[in-house]
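Since the structure comes first, as structure tokens, the remarks are kept for the end.
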Amino acid sequence: MRILEEVSRTLNEYLLVPNLTTADCTPAAVDLSAPLVRHRVGDPSAIRIAVPLTSAIMGAVSSPRLAIALAQCGGLSFIHQNQPIESQAAMVAAVKRHKAGFRFSDTNIKPSATLGELTTLLDAAERDFAVVTDDGSAHGTFLGLISTRDFHPQRHGTGDSVESRMRRAAGLVTAPPTVSLSEANTLIWDHRLDVLPVVAGDGRLESIVLRRDYELHKRFHNESIDAEKRFRVGAGVNTRDYSQRIPALVEAGADLLCLDSSDGYSVWQHDTLRYVRETYGDRVRVGAGNVVDGRAFRYLADAGADFVKVGIGGGSICITRDQKGIGRGQASALIDVVAERDAYAQRTGEYVPVCCDGGLLSDYHMAIAFALGADFVMLGRYFARFDESPSPLVRVGGQLFKEYWGEGSNRARNVSRYEHGDSQQLVFEEGVDGYVPYAGSLYDNVATTIAKLKATMISCGSTALRAFHDNAVLVPVSHQSYLQNTAEVRLRDRPSDPGQ
Ligand code: MZP
């Protein structure tokens, strides 16, 4: 037996102490891009994301719709693997088929169409945006564009006409086809546009640039508008049917895979990683986990993992600690694994990114995770609350909620057993089946989260994630100071609402 000396700490138990903010620390200067896969120290990672947020490998979270929305914002989703190989591969293929902008859409629509009609049309055509012409044909006079991300039926109602919404969202400014990405960006910002149509001399629409696509691509591409982009998407895999599932996902176009298990420190993960390396070399990238200490990180990194996921028992729907007594506070786990990641990089010259997964219940928890050294984070509850997640929206006691369940819950297991013929019985549950408050659109919420992360980094005098980690000064909070932070205590001190 060995008892670790330190107490197991959560992300809640730390606060950041500001560093000097210098004149170059502005929101525009903050770079949130992050490496996703193993690379030689000093070389760039072959897969990077512009925003360090990934969505959890869960049936209630990562659907094609959410994957597209998150990729548009610069993050990445992992399509869940608690389903037959064919349906998971079909979901991956659906994301890859979707056009990431930069291209003329043949989906034309009349200005009199309603938003409801537009949604149906765009969904059927797997398009992100529609061209609006006066007569609804490809030869009609071009009026502008409307993109799915510009409206949310739940918020705006489906009766709004495309024209009225388009005028608000897209504007009618056009650019010539020779425009470069940075010129397009200037136009987009100057005119406060979400979409910029690019029109040839004869009035034909050549392509469009979307503000979010520009933000997504600008760090990695310095190209003019020529090329058709596809969204990136990841997929979960397991240690049982990997020799069939992985080839199907690769064939469907998955950009990145991840072994999906609550405890990744196992010979099964080692064998699966070896299979990927021997079969595909470096052509297929795969992460592993979850782990909570440096030993397990080293084991998976040595076996060839492209990234390692940290977190056992901290997920908002997780009852593994109650049921099995296994886990570790997320902050303690992260500190241990990050130290080993850096030692491993020094020893081997290979940098293996670390993902902080689960228990990130507020935006500031993400900031703490990055300060402690996470390269990127994985979120379940956060994304489950949005329009784009696949789970049902329900009204309970006059309030809107989205359903959210753990992959170790009876609900997830029943889907597997009854819908997919899986014969394995669930002896005990490790996850719960519940509700999370509905929070609206992913686009709005991710934009707010990014703004908060940037503001925190600026207060800490950093404009890049690695510098933020290197320079961060953190302080553990006492129970009393934690209580002082909670809204409950602050509200108690306010005069009571006279209307109550
Ligand atoms: P959260 O963002 O909701 O706090 O946590 C999401 C993470 O919880 C997932 O990425 C996964 O690692 C973990 N998870 C998923 N299902 C269960 C379960 O049923 C679970 N216990 O712990």
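Even glycines carry a Cβ here, placed using N, Cα and C.
Just so it is clear, the model here is predicted, and its values are computed rather than measured.
What TrEMBL records for 166-224 is domain 'CBS'. The NAD(+) binding site annotation in TrEMBL covers Asp260, Ser261, Ser262, Gly311, Ile312, Gly313. Positions annotated as K(+) binding site by TrEMBL: Gly313, Gly315, Cys318. Per TrEMBL, the feature active site, thioimidate intermediate maps to Cys318. Positions annotated as active site, proton acceptor by TrEMBL: Arg417.
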CB-centroid shell, 8 A cutoff, K(+) site Gly313, Gly315, Cys318, site residues removed: Ser262, Gly311, Ile312, Gly314, Ser316, Ile317, Ile319, Thr320, Arg321, Gly327, Gly358, Gly359, Gly406, Glu430, Gly431
In sequence order, those binding-site residues of Asp260, Ile312, Cys318 whose CB lies under 6 Å from ligand 1: Cys318
Other CB atoms, at most 10 A from the CB of Gly311 (NAD(+) binding site): 27
Chain-mates of Asp260, Ser261, Ser262, Gly311, Ile312, Gly313 with C-beta within 8 Å of site centroid, NAD(+): Asp263, Gly264, Gly289, Asn290, Lys309, Gly315, Cys318, Thr320, Asp357, Gly358
Candidates Gly313, Gly315: member of the binding-site residues with the richest Cβ shell (10 Å): Gly315
Per DSSP, three-state class assigned to Gly313 (NAD(+) binding site): coil
Ser262 (NAD(+) binding site) and Gly315 (K(+) binding site), Cα-Cα, nearest whole angstrom: 10
Ser261 (NAD(+) binding site) versus Cys318 (K(+) binding site) - Cα distance in angstrom: 13
Cβ atoms near Cys318 (K(+) binding site) (within 10 Å, other residues, all chains): 24
CB contacts for Ser261 (NAD(+) binding site) [other CB atoms within 10 A, all chains]: 23
Neighbourhood of Ser262 (NAD(+) binding site), C-beta criterion under 8 angstroms, separation at least six: Asn290, Ile312, Cys318, Thr320, Gly408, Glu430
Largest tally of Cβ atoms lying within 10 Å of a Cβ, found at which of the binding-site residues Asp260, Ile312: Ile312
